[in-house]
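Q: The compositional bias 'Basic and acidic residues' annotation in TrEMBL covers 267-286. Among the features that TrEMBL reports, domain 'Ig-like' is placed at 126-212. Per TrEMBL, the feature region 'Disordered' maps to 248-287, 300-373. Marked as transmembrane segment by TrEMBL: 219-241.
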Amino acid sequence: CLSLPQGLLAGVNITSPTPLVRGTAGKAALLSVRYASASADKPVVKWQLKRDKPVTVVQSIGTEIIGNLRPDYRDRIRVLENGSLLISPLQLADEGAYEVEVSITDDTFTGEKTINLTVDIPISKPQVLVASSTVLELSEFFTLNCSHENGTKPTYTWLKDGRPLSNDSRLLLSPDQKILTITRVLMADDDVYSCLVENPISHGRSVPVKLTVYRRSSLYIILSTGGIFLLVTLVTVCACWKPSKKYGEKRQAETQPTSDYTEQDEERLKHDAEGIPRSGEHERKNPVALYILKDKVRASSTKAEEDSLPEPRGTVEPGYTSSPVPAAGRSPGPVGRSTRRYHRSPARSPASTRTHRSPPGSPARSRGAPRLLRTAGVHVIREQEEANAVEISA
């Protein structure tokens, strides 16, 4: 019978430098293996992911992939010459145990090897969250929370002044050790606290937080002393405060002009009310003519001129109308009083001659009549004004 060499019956021998590969999500991971065989033929390599039902990742002859890859592995898988598997980029779902089989047709036995792959996200910077950095002695259930945003499979460790803490009668750690609870605060708890977070690929340590513990008696003394000091200060300020003289003068100066203006307005309104002429019932019913009185200033300035010149009764100042002179044939009778309306001329109005038309009941003047003297007209109006004033007062 034929005898075969002993090496051909040994089969394929597979080795791996590391049985565990820790990968980072988004990066590459190499599942490295090596095989040895007496045959020079290309090996047939098959990688599988162990699940309840094994999932074939890739098959190849040498480095050439056979068949179609699964959609979730497409464009992410490569088989190297020694049979190693390269996955890039890694996904969290890639985590698991991978088994490789290498066979050569001439060899009797097939070699197998298993490599474990973990995929994680790095830990971000943690921080200690507390409701307050100060606490009263004998307070109950004061909690410290270790928080971080990113990171998979974290493990927590609490440190007090750099030394790890563990559960005891007063210090309680949550099941995942993320929360530290001090059931009854003592003065010995006044210290620096921090937390350490780790996972398979990274770790992070928080900034230390100083916890200050106050004695209750000290707090009462501080509060009472502060309250007494504040009360004494308020009483002193209220007793010593007086309004300054400048403030009083300024206040009086602000109120004085208002009263002066009020008195001036009252005097001016009273003067205007006295200067308005009153009209009787008969004046409202029978208006005859409209006269405009001259200002007292102008009347007083022309008084001297009136005394020096003759005062003819039949003359009228230009711009004014007068009652018609009774006919010579008529018997003398009582002088008719004509109704007049007086309008006050505005103060300080320039002296000007105003011409008014006669009312419908007045006789018209002839155009050929000579121009009458100004002073005589003023004298007639003054006499008529005095007569009307006597009538109104009666």
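Note: Cβ is positioned from N, Cα and C throughout, glycine not excepted.
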Q: Under the DSSP assignment, what numbers of helix, strand and coil residues are found in the domain 'Ig-like' (126-212)?
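A: Computed counts for the domain 'Ig-like' (126-212) are 3 helix, 48 strand, 36 coil.
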Q: Across the whole of the domain 'Ig-like' (126-212), what does the mean pLDDT come to? Round it, please.
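A: That region's mean pLDDT is 94.
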